[in-house]
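Q: OK, Swiss-Prot features for this one:
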{"type": "DOMAIN", "residues": "59-87", "note": "domain '4Fe-4S ferredoxin-type 1'"}
{"type": "BINDING", "residues": "CYS67, CYS70, CYS73, CYS77", "note": "[4Fe-4S] cluster 1 binding site"}
{"type": "DOMAIN", "residues": "95-127", "note": "domain '4Fe-4S ferredoxin-type 2'"}
{"type": "BINDING", "residues": "CYS105, CYS108, CYS113, CYS117", "note": "[4Fe-4S] cluster 2 binding site"}
{"type": "DOMAIN", "residues": "136-172", "note": "domain '4Fe-4S ferredoxin-type 3'"}
{"type": "BINDING", "residues": "CYS145, CYS153, CYS156, CYS160", "note": "[4Fe-4S] cluster 3 binding site"}
{"type": "DOMAIN", "residues": "180-211", "note": "domain '4Fe-4S ferredoxin-type 4'"}
{"type": "BINDING", "residues": "CYS189, CYS192, CYS195, CYS199", "note": "[4Fe-4S] cluster 4 binding site"}
Amino acid sequence: MVDKTSVAAEIAEPERRKVFRKVFRQLGAATVITMFGKAVLDSRPARAASVLRPPGALPEPEFNAACIRCGLCVEACPLDILHLASWSDPAPTGTPYFVGRTDPCRMCPDIPCARACPTGALSPLLTDIKKADMGVAVLVGHETCLNYKGLTCSICVRVCPIIGEAISLKQIKNERGVLQIPTVDSSKCTGCGTCEKHCVLSEAAIRLLPRELGLGVEGAQSVGRW
């Protein structure tokens with residue numbers, strides 16, 4: 001007499017093996033995708049030098065920890081200056097940023113972006129926009145700035161919203177004679193990006209950088225090297 005249970009088991013066995021193989025393949029693919037995604041995320045720079053945070057932003061590590069990627073600050077910006085970083089942007093995904101060369105911060109007196117932040121990633125303690133610290137302007141193009149070539153350009157000085165304080169022309173002497181060189185007072189500069197936006201060169205001679213880069217703040221690698 002044929003054991004029907006045994007026959008049924010033999011018939012079902014290949015089907016079970018097929019199901020298991022499919023499950024294992026899917027798990028394997030998911031694992032590879034997860035590992036690849038993590039590797040890509042880990043290899044990306046946390047924030048490119050051209051990417052600036054909204055006014056009131058905490059220092060970068062604290063900001064990334066406090067920001068919940070809600071986008072309320074972006075919605076609150078009346079001039080659509082702020083953007084939420086996507087996968088392809090040079091900043092942690094979902095965090096707000098702006099690029100001074102294309103769209104500088106207009107320094108709204110009531111700082112609506114900071115007021116909209118629910119977590120304090122953009123500090124509510126910032127009440128005077130002139131005290132904002134989004135970055136610092138740095139004259140990086142000593143070879144390209146028109147003033148270093150003996151001409152006189154004052155665009156960056158004239159468009160600065162902290163006029164007469166953050167950027168001024170200072171005289172220096174070299175083989176070309178007396179030059180008028182744009183000079184930034186880092187204690188007054190808010191990092192809005194207006195000077196970089198309006199630089200007449202195709203590659204701006206004055207650039208906005210995160211303050212720790214622009215002022216050369218010492219990092220962990222400097223320990224024991226002096």
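Even glycines carry a Cβ here, placed using N, Cα and C.
Because the structure is a prediction, the values reported are computed rather than measured.
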Q: Who are the chain neighbours of the domain '4Fe-4S ferredoxin-type 1' (59-87) in space, where the CB to CB distance is under 8 Å and they lie at least 6 residues beyond its ends?
A: 46-47, 51, 53, 93-98, 103-106, 108, 112-122, 210
Q: Excluding CYS189, CYS192, CYS195, CYS199, which residues of the same chain place their Cβ within 8 Å of the centroid of the Cβ atoms of the recorded [4Fe-4S] cluster 4 site?
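A: Output for this site, in sequence order: GLY100, PRO104, ALA137, CYS156, VAL159, CYS160, ALA166, ILE167, VAL184, GLY191, GLY193, THR194, GLU196, LYS197, ILE206, LEU208.
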Q: Nearest by CA distance to CYS70 ([4Fe-4S] cluster 1 binding site): which of the binding-site residues is it, out of CYS105, CYS113, CYS153, CYS192, CYS195?
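A: Checked the binding-site residues CYS105, CYS113, CYS153, CYS192, CYS195; minimum Cα distance to CYS70 ([4Fe-4S] cluster 1 binding site) goes to CYS113.
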Q: What is the number of other Cβ atoms found within 10 Å of the Cβ of CYS70 ([4Fe-4S] cluster 1 binding site)?
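A: So the Cβ neighbour count for CYS70 ([4Fe-4S] cluster 1 binding site) comes to 16.
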Q: How about long-range neighbours of the domain '4Fe-4S ferredoxin-type 2' (95-127): same chain, 6 or more residues beyond its ends, C-beta under 8 Å?
A: 47, 50-58, 62-64, 66-85, 89, 134-135, 161, 190-194, 196-197, 204, 207-208
Q: Out of CYS105, CYS117, CYS156, CYS195, which of these binding-site residues shows the lowest number of other CB atoms within 10 Å of its CB?
A: CYS117
Q: For the [4Fe-4S] cluster 2 site given as CYS105, CYS108, CYS113, CYS117, which other residues of the same chain have their Cβ within 8 Å of the site's Cβ centre?
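A: Result: PRO54, PRO55, GLY56, CYS73, ALA76, CYS77, LEU82, ILE111, PRO112, ALA114, ARG115, ALA116, LEU122.
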Q: Checking your reading of the structure: which of the binding-site residues CYS113, CYS117, CYS156 lie inside a 10 Å Cα sphere centred on CYS67 ([4Fe-4S] cluster 1 binding site)?
A: CYS117
Q: If you measure from the CA of CYS192 ([4Fe-4S] cluster 4 binding site) out to 10 Å, which binding-site residues from the list CYS73, CYS105, CYS117 are inside that radius?
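A: Qualifying among CYS73, CYS105, CYS117: CYS105.
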